[in-house]
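Participant: Got a structure here, written out as structure tokens. Questions coming.
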Amino acid sequence: MAEAFAGTWNLKDSKNFDEYMKALGVGFATRQVGGMTKPTTIIEVAGDTVTLKTQSTFKNTEISFKLGAEFDETTADDRKVKSLITIDGGKMVHVQKWDGKETTLVREVSGNALELTLTLGDVVSTRSYVKAE
């Protein structure tokens, strides 16, 4: 099921991302850079291991994980979190927990588009990606 997410995805549109970063506790300067950055996300699937790479002029991150198995992750804004990623109803659901907080990142593919919905409390941000040729 994770194979549906495999590919190279380029950010084309972002809504409410600054508010989401603010809710995470990201500082002003980092939010300014993060808001202007147009990252590329590369998702690779090899057997039961999924690798998710995010590349931008600001920062590159890479995580490898098995669906349904909790793992330690250091986020692009340097939070140390416990992450769990599952496939639920055709969506890739990524839950990050740290310091009594929780955020959910949901990826959904439709054709050559990937929609990422970021939720923290009542703050919701959507980031739209298009698959690279």
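Cβ coordinates are placed from backbone N, Cα and C, and glycine is handled just like the others.
Remember, it's a predicted structure, so these values are computed and weren't measured experimentally.
According to Swiss-Prot, the protein carries these features:
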BINDING   ARG127, SER128, TYR129  octadecanoate binding site
BINDING   ARG127, SER128, TYR129  hexadecanoate binding site
BINDING   ARG127, SER128, TYR129  (9Z)-octadecenoate binding site
MOD_RES   ALA2  N-acetylalanine
MOD_RES   TYR20  phosphotyrosine
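Are these features on the surface or tucked inside, and what are their neighbours?
Facilitator: For ARG127 (octadecanoate binding site), the Cβ neighbour count at a 10 Å cut-off comes to 22, with all displayed protein chains included.
Under the three-state DSSP scheme, ARG127 (octadecanoate binding site) falls in the strand class.
A simple way to gauge crowding: the CB of SER128 (octadecanoate binding site) has 14 other CB atoms within 10 angstroms, across all the protein chains here.
Within 10 Å of the C-beta of ALA2 (N-acetylalanine) we count 17 further C-beta atoms, all protein chains included. Annotation note: ALA2 (N-acetylalanine) sits in a helical segment as assigned by DSSP.
In this structure, TYR20 (phosphotyrosine) is part of a helix by DSSP. On its own chain, TYR20 (phosphotyrosine) has LEU118, LEU120, VAL123, VAL124, SER125 as residues at least 6 apart in sequence with a Cβ closer than 8 Å to its own Cβ.
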Participant: Provide, as an integer number of angstrom, the distance between the C-alpha atoms of TYR129 (octadecanoate binding site) and ALA2 (N-acetylalanine).
Facilitator: 17
Participant: Count the other Cβ atoms sitting within 10 Å of the Cβ of TYR129 (octadecanoate binding site), across every protein chain shown.
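Facilitator: Excluding its own Cβ, the number within 10 Å is 24.
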Participant: How long is the line from the C-alpha of ARG127 (octadecanoate binding site) to the C-alpha of ALA2 (N-acetylalanine), rounded to the nearest angstrom?
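Facilitator: Given the Cα positions, ARG127 (octadecanoate binding site) is 19 Å from ALA2 (N-acetylalanine).
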Participant: Beyond ARG127, SER128, TYR129, what residues of that chain have CB atoms within 8 A of the centre of the (9Z)-octadecenoate site's CB atoms?
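Facilitator: In sequence order, the nearby non-listed residues are TRP9, LEU11, LYS12, ASP13, SER14, ALA113, LEU114, GLU115, LEU116, THR126, VAL130.
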